[in-house]
Amino acid sequence: MTKIQKLEMVNMSKSFQGFYANRDINLHVKSGEILGLLGENGAGKTTLMNILYGLYQPDGGEIRINDAPVRITSPLDSIHHGIGMVHQHFMLIQNHSVIENIALGYEKTPFFFPKIRIRDKVVEFSRKFNFDIDPSRKVWQLSAGEQQRVEIIKALLNGADLLILDEPTSVLTPQEIKELFRILNDMKSRGHMVIIITHKLDEIMEICDRVTVLQKGRVVGGADKANVDKRELARMMVGRDVLFNVNREKLAKGEKVLSVSDLHVLGDKGLPAVKGVSFDVFANEIFGIAGVSGNGQRELAEAITGIRRISSGKVVAGSRNITNLSPRKIYDHGVSHVPEERIKFGIAPGLFLYDNAILKQHHLDKFSKKIFLEYGRIKLHTRSLVENYKVATHSIDVEIKNLSGGNIQKLILGREISEKPSLLVASHPTYGLDVGATEYLREQLLLRRREGGAVLLFSEDLEEIFELCDRIAVMFQGRFMGILDASDKERLKDIGLMMAGSVSYTPLQGAIDK
Amino acid sequence: MITIKVSDRQRITTLRSILTNIASLFAALIAVGVVFLVCGVNPFYAIAQIFSGSFGSIYGFKETVTKAIPLILIGGGLTLAFRAKFWNIGAEGQLLMGALMGTWVGLAWGDSLPSFFLVPAMFAAGFAGGAMCGLIPAILKIKFSINEVISTLMLNYICAEFITMLIVGPWKGKTRFGFPGTDNLPDTALLNVIPGSRIHYATLILAIVSVVILAVIVYRTRFGYEVRVIGENPEAGRYAGIDFFRTSLVIMAISGGLAGFAGVGEVAGIHQYLGYPASVSSGYGFTAIIVAWLAKLNPLLSIISAIFFAGILVGGDAIQISLGLPAATVQIVNGILLVFLIMGDYFLRNQVRLVFGNAVQRKSA
């Protein structure tokens, strides 16, 4: 088959149980073009691309390559047609080397001595696109950006003319994003076409030539980049104006609610992950911890909330020493927790919504007297959570896995703050959520701050950090590169460099180059 | 070209779940029929014989109920363990330890205590014996990360050999004329049966009360809630501050203890003495795994599925005699049923379709 010059999707529709995820969608992309597919979560972007990649079968509509209709019924078909996809969560085997992973996904891998025989090809490709990757390294040793490049090589080796990237920047540092965009531009100049699924407006403006906007499964707009601005795109995406500058009034610092001193914590592999971190959090404050994931943030959050053992150092909440107490005791002492990866940690997916609404509180007297659960009160409480935190569901008698990510997160947040804890530890609370849900959750965090609560916010999203936080710490390789005041615009300019570990500020002393 | 497409089913209704179970049982019966055919027996006749042997006559039904008693107890207990994803394959050993402890109490105090105190004491000792045997793998799992499938399975052999050692050695009865086995339990230690049957009703009542209490525990208590959370998502359990060690201990104490009850029932209600392990139990601990599975891990439903499988055991005995089939036939039948039930689960969770055509031209790069 010849190279793809032009790809069209005509009147694509796909429904799940009578609910249209895609309806009459038209979309086209041509050689040497980068198309942005913009939309909130649940707008149908990923569904549409999964149809193109052969993972789903459409109910109606047609895919045309170079004006000829084609049928794609499996990822294998789509690879044969020259379509490659890099998923949001990388499909790599962590314990295998780069070359082994590529050999596994490469169709023409020879049966005997595959590694040796395709090595040259990989090196050649890496050189052609200026990828800097050692093919013999194990995948777990690679950063997220490098893993993504491995995925891209996999797709290109299989002859992809069209590359689909699902939320490609969500796990990258600002520097790595720049590198990715350079690679994409390079591909574009060689006549490849690219579709990027995203809900980040900045990326659209920076890299895409054209944008198609989806909302609730339909195309609601499309434009050349030259003819639109961010505000306009945001309006198309959510159907109304978005709050870009959240209203964060000045508040006087309250009393100290959390004090962490010289904390050391081991990671999953038994190596030090948090290496001597100290900081205080006060009431009426949102304290942000920025940084690229994998620099000890998860371990720090788990240590404070009692899920992970602290090897040395001290955590004090209010006046109580909570070092190495059980998560339940720590909760009872006023520290609640919105965990990262909400599905993996925050809920029991197969249990009902009302079961999940008391995950952290089922031991409290109001929900269970000694032994027996009080389902009457539990359901009452759940209904009020659903109502107060705008969880969209037709009933509380449904398994929670049937809810969308945004609604699950609203329920988790409601569960964690409804008891008015003195400190909320929130790990990536808006990760992967649509603009509407994100805005809502951020407002709730600010509300907690106004009400006299404190929030310890872990986030990779700098926009979120700047919008919400009073003070910002940047974490790199288990240490703080400095704690900055949000008004310290001068030093905050270097935040990208701090995240990459190349600049470190210690408070009061100014910049120290490493 | 025909390809098989598998995709997740997004919503599973109760009706579909029941229909899937019935369909898998039917499919299993077809496979069982093939086995009978190989044995040179008319499969329709053989299957009819199984069910008429167990449910078709008063005598058969009484036997079915008798054999359902241990299956209800053990199967009920296993629903709790399996719900928490604790794969207890050691119910057979836990039953044996219960039988051993019950026999010990019965023999030691049989002459000095009246039935009214002795029988409850035997059941209590049996529960403790089964629970102890269940706690060992729980401790090994939580403290040393030892896989519970291996440890519970291996403990079965240890328990069985331990009993064999006792009955050929120190516990060998004086009235056995040198044959292995303890003396008969005194009359005060024996359980009454419904006249004209072998149904030791005290154990039957205990079994039904136990699974009812178990259902209340699972669905209505703090502890049951924690079990369900752990089983659904252990990470969420950790996050919610559930104490895994304590919860696992309680789960395995209950699961093992109920098997221990069953052991006491078998010894005091049926055999009247402790003999070879294989004669004490005839594999109830393993059959109960299928019972729990067919009951969809619902303690109350395990009563129904226990009666069903007890029927197959009894019917199996019947065709051994009437058709001259080997004893292993019943185990084959049970094994086939379990495999098909598990396969049915796969089809319940996933939508599997055959897709025809669509050969694609290969692209030459």
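Quick reminder: no glycine exception, Cβ is built from N, Cα and C everywhere.
Annotation source TrEMBL lists transmembrane segment at B:21-48, B:68-86, B:93-110, B:116-140, B:152-171, B:199-219, B:240-262, B:274-294, B:301-323, B:329-348.
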Folded-back contacts onto the transmembrane segment (B:274-294), same chain, C-beta under 8 angstroms, at least six residues removed: 21, 67, 70-72, 74-79, 82, 89-96, 99-100, 103, 156, 159-160, 163-164, 166-167, 171, 180-182, 259, 262-263, 266-267, 301-302, 305-306, 308-309, 313, 331, 334, 337-338, 341-342
Intrachain neighbours beyond the transmembrane segment (B:301-323), with Cβ under 8 angstroms and 6 or more residues off its ends: 41, 45-46, 49-55, 60, 63-68, 71-72, 75-76, 79, 208, 211, 282, 287-288, 290-292, 294-295, 329-330, 333-334, 337
Top partner of the transmembrane segment (B:329-348) among B:21-48, B:93-110, B:116-140, B:199-219, B:240-262 - counted as Cβ pairs under 8 Å: B:21-48
Range from B:21-48, B:152-171, B:199-219, B:240-262 with most C-beta pairs under 8 A to the transmembrane segment (B:68-86): B:240-262
Residue numbers, six or more beyond the limits of the transmembrane segment (B:116-140), whose CB comes under 8 Å of its CB atoms: 86, 88, 90, 93-95, 97-102, 104-106, 109-110, 146, 148, 151-152, 155, 159, 188-189, 191, 202, 206, 248-249, 251-261, 263-264, 268
Residue numbers, six or more beyond the limits of the transmembrane segment (B:93-110), whose CB comes under 8 Å of its CB atoms: 70, 74, 118, 121-123, 125-134, 152, 155-160, 162-163, 166, 182-183, 185-186, 188-189, 255-257, 259-264, 266-268, 273-274, 277, 280-281, 284-285
Same-chain residues at least 6 beyond the ends of the transmembrane segment (B:240-262) whose Cβ lies under 8 Å from its Cβ atoms: 69-70, 73-74, 76-78, 80-81, 84, 86, 88, 90-92, 94-95, 97-99, 101-102, 123, 126-135, 137-139, 141-143, 203, 206-207, 210, 214, 217, 223, 226-227, 229-230, 234, 284-285, 288
